[in-house]
Amino acid sequence: MTVKSSGYETIRSGDTTLFYINRSGLPLTEQIKDRMWDFCKEQYPNNETEIQNIKNAKEYLPIIVPDPPYHIANNVRYTIHEKLQQIQNYVQRLEYNYTGMQFFDIQSKRPVNYLMDIARYIMTESLPIKCFEAFIICLYLTTGITGLDRFNISFKSRFNGTVYRHVILGLKYHQNYGSLGVSRRKDLMYKPLKYDKLSALIDDFILAYKKYGHDVLKVKIGLPIVHDLKSFQTIIWKAIIVSPTKTDKIDYSKEIDKNTRIWRQMNMYETFKSIPSASTVQPMGTTITAAGVAQPNRLSYVKPPLLSATVTTTKNPSRSICRFVNIDEQKNIPCAIRV
């Protein structure tokens with residue numbers, strides 16, 4: 001069946017069905033509900049009777065709907081650590097979505113204002129969420145926290161021949177890094193602002209993956225995201241791409257930290273409305289350097305970037321390159337993890 005006729009899209013890794021995405025909105029159609037229950041039975045064939053009993057139940061336990069901390073970003077009574085902890089507590093109270101059906105249709109290539117509208121909708125509905133939905137909620141709730149830089153960190157891993165994807169919101173405050181998000185595993189989501197380097201944060205995630213038998217194939221780090229809920233800019237998802245299985249740890253750590261230093265020198269972390277990304281001030285095909293980049297007037301209009309700088313690291317450090325990739329080439333890949 002096509003997405004148009006079924007109302008949902010199947011997300012696969014090879015021949016393995018990972019989950020489904022609801023493309024027909026809310027409330028869920030009967031067809032989508034049936035697909036969700038059938039998928040549950042396929043995953044747990046020995047528990048079909050219990051699953052059917054839950055489906056046929058007439059009464060359920062009362063549902064507690066958590067209140068979103070909408071104004072936490074500008075609340076001066078809380079420290080940065082308390083704000084982030086409250087946001088993390090909120091997304092965890094929404095609970096991880098184990099149903100196999102992602103309830104919200106999110107197009108990652110759409111502008112920030114579209115993603116923020118979806119985030120508000122998700123918080124209004126208060127349904128269980130997966131990692132991508134948690135990402136945009138955290139992005140929404142952290143908008144306006146002065147001095148906090150936000151960017152995506154995406155992971156592609158392999159377990160028993162099946163490829164999984166996961167995304168979290170990377171954070172930088174002063175000289176410390178951390179993250180927000182949700183996962184099936186506690187050590188693959190929230191990290192406090194305690195890492196002095198971005199590479200140290202990435203290494204912590206890679207070690208956690210190894211603990212669960214996953215090989216991390218790629219790590220993609222995006223550019224800092226503008227602090228503007230109504231921005232028409234799109235998120236640059238792939239500024240740095242690292243392949244830990246093909247690159248020595250020392251080499252990719254140096255590459256990550258080198259490029260974050262360059263971004264800082266270019267004021268790319270000052271992401272409040274009119275500060276551009278490197279692609280708006282660099283000609284096509286050139287290497288990003290800190291020298292020679294003109295800083296625009298903060299009050300002038302900056303056209304949303306159409307290009308993103310992508311750093312790819314290899315085994316040979318001398319072959320580490322920085323190239324520009326058109327945003328249209330970036331695939332709209334749903335993110336999820338199952339470990």
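Positions of Cβ are set from backbone N, Cα and C atoms, glycine also.
Caution: TrEMBL annotation is automatic and unverified by curators.
Annotation note: Cys131 (active site) sits in a helical segment as assigned by DSSP. The feature active site is assigned by TrEMBL to Cys131 (among others).
As annotated by TrEMBL, active site applies to His166 (among others). There are 29 other CB atoms within 10 A of the CB of His166 (active site), with all protein chains counted.
In this structure, Ser183 (active site) belongs to neither helix nor strand by DSSP; it is coil. Annotation comment: TrEMBL describes Ser183 (among others) as active site.
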Other CB atoms within 10 A, centred on Ser183 (active site): 22
Number of other Cβ atoms within 10 Å of the Cβ of Cys131 (active site) across all protein chains: 27
